[in-house]
Each structure stands twice: as structure tokens, then as C-alpha cells.
Amino acid sequence: MLARAPPPYFNFPARNNTICNRNEIVRLFRNGGGVVARGAGFTRRPLETSSSYDDSTDDGFVIISAADKENEFAPPPSSDLLSSIPSESARRNGSRSRGLTASFGRLKAQKVKALVGKVTQKKQHMSHNEEEDEDDASDENYSADEGFGSSSILDLMRKKLAMKAIPRSGKSAERNEVKRASKVRESRESRRDLDRLEGDDEDVDEVSNPDRFTDNQRAGSRSSYSKGGYAANSRGKGDRLSVARDLDSFEGHGRAIDEVSNPRKFNDNERAESRSSYSRDSSANSRGREDRRFVAKELDTFQGRDKAYDEVYNPRRFTDNERGLRGGSHSKGSDTNSRGWGDRRSVVYTRDMDDWRERNKTKDTRETGFFSRKTFAEIGCSEDMMKALKEQNFDRPAHIQAMAFSPVIDGKSCIIADQSGSGKTLAYLVPVIQRLREEELQGHSKSSPGCPRVIVLVPTAELASQVLANCRSISKSGVPFRSMVVTGGFRQRTQLENLEQGVDVLIATPGRFTYLMNEGILGLSNLRCAILDEVDILFGDDEFEAALQNLINSSPVTAQYLFVTATLPLEIYNKLVEVFPDCEVVMGPRVHRVSNALEEFLVDCSGDDNAEKTPETAFQNKKTALLQIMEENPVSKTIIFCNKIETCRKVENIFKRVDRKERQLHVLPFHAALSQESRLTNMQEFTSSQPEENSLFLVCTDRASRGIDFSGVDHVVLFDFPRDPSEYVRRVGRTARGARGKGKAFIFVVGKQVGLARRIIERNEKGHPVHDVPNAYEFTT
């Protein structure tokens, strides 16, 4: 059995989806220019089957008819037969058997003779021009250099014989004639010249007189083109239709460009139908219709005539259902998108339009934008809970509260993420407490000594005290339940006594929680829900890994887990979805974003270019800037963030030297060097005081940025630039909190920090997140 030579290894061009750069389109329109048509880009990939080789049409590719393919160009045999053909080096070494060598030589000789004889007969009634003779000469020189024993001999002979058998007129004399396809990348100018030489064909008339042809006629002609034999019509009608499609796309004579220049003539259904029909077209129509639809879509997007872009500048024309439907289409993506990190088209970014609109609204409009359009009754709050919230002056839920209520009260594990000051504490407390109260009234569950029904883990004792204050406010307003805090710095005996009396909600830090679990004092057999507040900070605690493992191993399988955070970095998100793959992800509208009411000011403290750059000179420049801000913008409350405790103490000394008797300036330190009692006292004084004559300054480290709600803060000063962009969001988020909050942030930077801070502020001004957020499920509010 003789082995057949393998076919040549050809590539065919695949259409590239993009014909031009989007950023360049935007720049051209902003500068008053127009879109310049560019040649479509192509990528190449190897063919997988022999049949696909016959369908290839690129520079120098050969189109083989059915009869020729059966006779001269037979498809290759199976892989085992091809593997029996030795390489050229093996032939030189004589390692191949003599019988196979002789058989293979006779096979090639017979094939070559058959090809030469057939082509010689065909050449008698074929005309050739000078250009073809030059190509033949070049091919002869090239093939003469190759040895007959080369593995690519049939490939070279095919090209040579096929090029000699190609008539330039584009008209077929015989059905089985071997033709050469026109070059895909041939310029449009030459194609137009060719069309003019061939006369007023119907296809050319369609380009020059588009009004004479309806869309059905134009579509029918292109459909017939795609269904016809491309090998026979590639030089004639195929080229003319390619010109027609190019002119339709870039010169404005087609329906797609008319749709761009006259958008009012087309409704949304017609535009959607046209784009849907594009997706159903054959590959032969991709050159024309794809270009027209893509250009139309690009121009619609960047000129403001697309529905998505029009939604930004004309928000009143779109209802919440329409906007939610657009966002929901993103959430139905693949597993990769739901668990990955998205670009501008992720689910979370569907709400960016609301943020851009809010920046141009007045103060009163901005206040209403903080709350959801739904009421507490509409999201499912009970009468007792609504009464308790009403007493605390909560009339409507915030966005994150409305979004998280339904999955939390249903007992689903969730990741709840939104910006600082958005109301995340009540977003998980209200539904959890309501569910506990309903279960207690129905007799399904009840608190027992040493076994709380809800555990809240927080990173700091100050945040634990804040959560406890919220729990007691709800309890005193008509929804009774018991809550307590177990943290370091308090008498342990008192905490244990209260725990033995029975508690519904236990708030603890990871260290104290681990201690109670190891000592056997705390039991989790009755646990209904575990809440991890500021989970991104908890993962940075050395004791948290052990605390989380104890929590998972000791709690019932039916326990609910809630992970709450203002920032959700990639590594934290991956850890959560790996351990809890069934979590619902509730993303607020402003994750990783600063408040709309926040004003940011970049202060370059690098000094003069000729001055010496040292840490001491940088500190002196920051000191001068701080005193200048204090004198020119006197306010009631200011928080100053430093990276180190040592820097905090230096800043404290600056204020003490300015006002030793603290008649106008009152400084309150807040960092780990102080005892917990001192920190809580200073925090309480700073949050509850309303000074009228003097100004309060809280000098702190990042400990104060971890979830603590500082109400009424006017200014935030970043004396040291944060090491992490996520920390930037938490620091500046201490001001401009809530619906009516507003404030200013002054960022001191030196050296390379200037460029990084400028990019962050520019992104904030545009409403973009400081860094990406994951694609996730989202609930309509």
C-alpha cells in the first residue's frame, strides 16, 4: 500500500472583529474629524482538515474544482500512513526501505506527468499577459533551486501549474478549470477601476445609485452571492460586490451608514433586527455587512446616538425596568465572567450611569439619590421593624439595604459590598434580626446560655462597640433581642457572666472569639448566622484564619454566612468564593468609589526641583501645607491619617506648639500605642462633640478607617499617602458619608506618589472605581 504525500500546510485569513481603534474614533470625533476607513485586519490560523484548504481564499491560494480534487489532489490518508513517510534527512541516511522509496518515486512521477499533460492541453486556448509571464519566471527560478526529493515538491508544482492555468479575464472556459482567487487585500481603487472597465453592471449601479435599490433587493443579491460558487465568481461578481459593500460601509450609501447619519429614521426594533440579521449571515457576507454594522454601532456609541449612551444623558427617557434588563444581560454570562474580574462591561458598571448623573445634580437631588426608590414595606420589612427604623429617622432604605434584604432574610450566604458610609451595617442587621424575631415567635429557635444565634466578627474593638450601639438602638425601638460585645480591654469575668445568661447577637474580635472557643466557653450548636464585617481587613489579621476555621468546623451545616466589606480585592474575593462557592454576591452601585459629595485636593509636597529631597524636607513641606489648610479653612472636625505611630506623634506636636493651651485646637490621638480605653474615650469625644469655638483634630493610623462611622467630619487629610489603593478609599470615606454628608479630602504626596494620586483622583472624578470590581449578581433596587 502506497502512502500519499500530505497536502501543503496552508493558512486562511480569519476576519478580525475590530476594524479600527475605539480610542482613535473617540479622539477623532472630539477633534471634529471623521472616521477614516481602514483595511480590515486579519489573523491567521492553521487548517485542521483537508476540506478547509479548498475553501481558502487569500493571496496566491488555489481553488480546486471537484473533479480535479478527485484526480490530481487527493486528500491525505490517515495519520498512521503519513507517519510512514520519512523525512529528508532519513532519505539521505538511507534508513528508508528500498521498496517504499521506489514506489513513492513512481507515484510522484505519474502525478507530475498527469498534471503536465492536462495543463498542456488547457494552455492551447488560454491567453496570458506579461505580468503572468513574470510570475511564471519567478516561480520557475524558485522551483529550480529545490531538489526533486524535497517534501514540498507537490506543493510547488501545484502553485506553478495553477498559476499558469489562470486566465486574467476572470471568465471560465471549462467547468473544471483551475482558477486563482483574487487577492483579499487588493486596494479598493483597483477594484473600482476594474468595475468601470467591465461596464455598468447591476452591482456597480447599486453602489452609484443606491436609491434605485431596496433593502430586500440588495440583501437578495448578497445572499445569492454567498450561496454561489465562490471559485467561479471570485474575480467577477465577488469583487464588484466587495466594492459595493465597502462603499456602503464607508461612503454612506448603505442602510447601516444611513442609520448613523439619520438615527431618527430607524427605531430600536429595526436597529436590533439589522444587527441580529448580521449575526445570522454566512461567512461570505462578513466582509460587507459586518463592517457596516460594526461602524454603525461604533458611531452610535461614541456620537451619543446609541441607546446605552443616550441613557446617560437622557435618564428620564428610560425606566428602571429597561435599565435593569440591560444590566441583567451581563449577569447571565459564563462562569468565567461571574467569578472573574471584569472590565467596563461587568454587571457593576451598569450602574455607573447613575453615578455620572448624580455628579451634575444639586445637593437636594444628590440627597435623594442615596436612597432606593423602594420603601421598607416593599422590600419586606415587618411592621415592628419599620416602626423601629422610623424612630431612628430612617424613612427609606439605602441602595445596599434594599439590595441585600431579600437574599439575607431568605437565609442565603452573601457577599455584601458597597462604598464607605453606604449603610452596610443596617443592611445585614435589619433582615437578620427580623428573621430571628420571626423564628422566635414561631417557636423554631430561641437563645440559650453560651450559645448565641448570631455572631458578628469585626477587626477592631471600636467597630465592635459601634455595631453594638446599632443593635441596642433597634432593640430599644420595639424589636427586643439581647446583644453583647466580647473584646480585649474589658473585664473578662463580666463578659463571661453575660454570655452565660443567654444572648442572641454576640459581637467579637477574632482574638477573643478564638480564646472563648478554645476554652469551651462558647458554643455554636444554635448558630443561625455568622457575619464577618470588614472581611478584607479580617483576612489581614494573623488570628483570623484560625478563628474562621473554628467557626466553620463548629457551626451547623445550615448556618448562614455574610461577608461585608467596603473594598473587595481580588485575592479576598477568590478566597471567599473558593470556601463558599454558593454565595450570593450583592454589589452596591459604588463599590471602590468615593462619595459624589467629596472634593479631593492634591497637594504636592515635593518642594522645588533644585532643593534637596530628603524625608526631613518632605515632612517640613507637609507641615507647612497642613498649617496653611488649618488657617485658611477652619472647620469643626478634621481627621489626619498617618502611616506610622511615630508620624502621628510628630503631627500632635505640631498642633501643640501652635496652640499650647488648646483654646482653638484640640488634638485627639487614635492609634495602637494607646490603651483601648483611651482610644474609645477619644473616639466617643470626637464623634459626639459639636464644637463651636475650637476645632477637633483626630490624628490616627489606618485603625480609624476600618469601618468606624465618624459623623459630621468636614475634612480628611492624608498626611501620608496610603500604601494600598483600597486604603485610599477607606481613608477618604470617613467624610461625605450618608445621604447629606459632604466634605473635602487633602492628599499630601511627594515624588512618585504625585502621578499615582493624580490618576486615582482623575478616575474618581469620572466616577470610575479605584481598581476593578468582580462581575457579580446584582439585585434591582
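Placed from the backbone N, Cα and C atoms, the Cβ positions cover glycine too.
Annotated in Swiss-Prot:
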type: BINDING; residues: ASP418, GLN419, SER420, GLY421, SER422, GLY423, LYS424, THR425; note: ATP binding site
type: COMPBIAS; residues: 79-88; note: compositional bias 'Low complexity'
type: COMPBIAS; residues: 130-143; note: compositional bias 'Acidic residues'
type: COMPBIAS; residues: 171-197; note: compositional bias 'Basic and acidic residues'
type: COMPBIAS; residues: 198-208; note: compositional bias 'Acidic residues'
type: COMPBIAS; residues: 216-226; note: compositional bias 'Polar residues'
type: COMPBIAS; residues: 254-274; note: compositional bias 'Basic and acidic residues'
type: COMPBIAS; residues: 275-286; note: compositional bias 'Low complexity'
type: COMPBIAS; residues: 313-325; note: compositional bias 'Basic and acidic residues'
type: DOMAIN; residues: 405-586; note: domain 'Helicase ATP-binding'
type: DOMAIN; residues: 621-781; note: domain 'Helicase C-terminal'
type: REGION; residues: 72-103; note: region 'Disordered'
type: REGION; residues: 117-148; note: region 'Disordered'
type: REGION; residues: 166-240; note: region 'Disordered'
type: REGION; residues: 254-292; note: region 'Disordered'
type: REGION; residues: 313-342; note: region 'Disordered'
type: MOTIF; residues: 374-402; note: motif 'Q motif'
type: MOTIF; residues: 533-536; note: motif 'DEAD box'
Open item on the list: Give the nonlocal contacts of the motif 'Q motif' (374-402) in its own chain as ranges (CB under 8 Å, at least six residues past its ends).
Closed with: 409, 416, 418, 422-424, 426-427, 430, 433-434, 437-438, 473-474, 477-479, 586, 588-589, 739, 779, 781
Open item on the list: Should anything in the same chain at least six residues away from the motif 'DEAD box' (533-536) have a Cβ under 8 Å from its Cβ atoms, list it; otherwise answer none.
Closed with: 424-425, 428, 456-459, 463, 467, 563-569, 572, 576, 706-707, 726
TODO: In three-state terms from DSSP, label SER422 (ATP binding site) for me.
DONE: coil
- [ ] Could you pull the average pLDDT for the motif 'DEAD box' (533-536)?
- [x] 93
TODO: Mind tallying the motif 'DEAD box' (533-536) by DSSP state, helix then strand then coil?
DONE: 2 helix, 1 strand, 1 coil
Open item on the list: Let's check the environment of SER420 (ATP binding site): how many other CB atoms sit within 10 Å of its CB?
Closed with: 24
Open item on the list: Among all protein chains shown, how many Cβ atoms are found within 10 Å of the Cβ of GLN419 (ATP binding site), not counting that one?
Closed with: 23
Open item on the list: List every residue in the same chain as SER422 (ATP binding site), at least 6 positions away in sequence, whose Cβ is under 8 Å from its Cβ.
Closed with: ALA398, HIS399, ILE400, ALA566, GLY588, ARG590
Open item on the list: Using the Cβ center of ASP418, GLN419, SER420, GLY421, SER422, GLY423, LYS424, THR425 as the ATP site position, which other residues in that chain lie within 8 Å, going by their Cβ?
Closed with: ALA398, ILE400, ALA427, ALA566, GLY588, ARG737
- [ ] Sort out the sequence-distant neighbours of GLY423 (ATP binding site) for me: same chain, 6+ apart, CB within less than 8 Å of its CB, listed by position.
- [x] PRO397, ALA398, ILE400, GLN401, GLY738
Open item on the list: Can you give me the same-chain residues 6 or more apart in sequence from THR425 (ATP binding site) with a CB-CB distance under 8 Å?
Closed with: GLN466, VAL467, ASN470, ASP533, VAL564, ASP709
Task: For GLY421 (ATP binding site): intrachain residues, at least 6 apart, with Cβ closer than 8 Å - done: SER595, ASP709, GLY733, ALA736, ARG737, GLY738, GLY741
- [ ] Sort the residues of the motif 'Q motif' (374-402) into helix, strand and coil with DSSP and give the three counts.
- [x] 17 helix, 1 strand, 11 coil
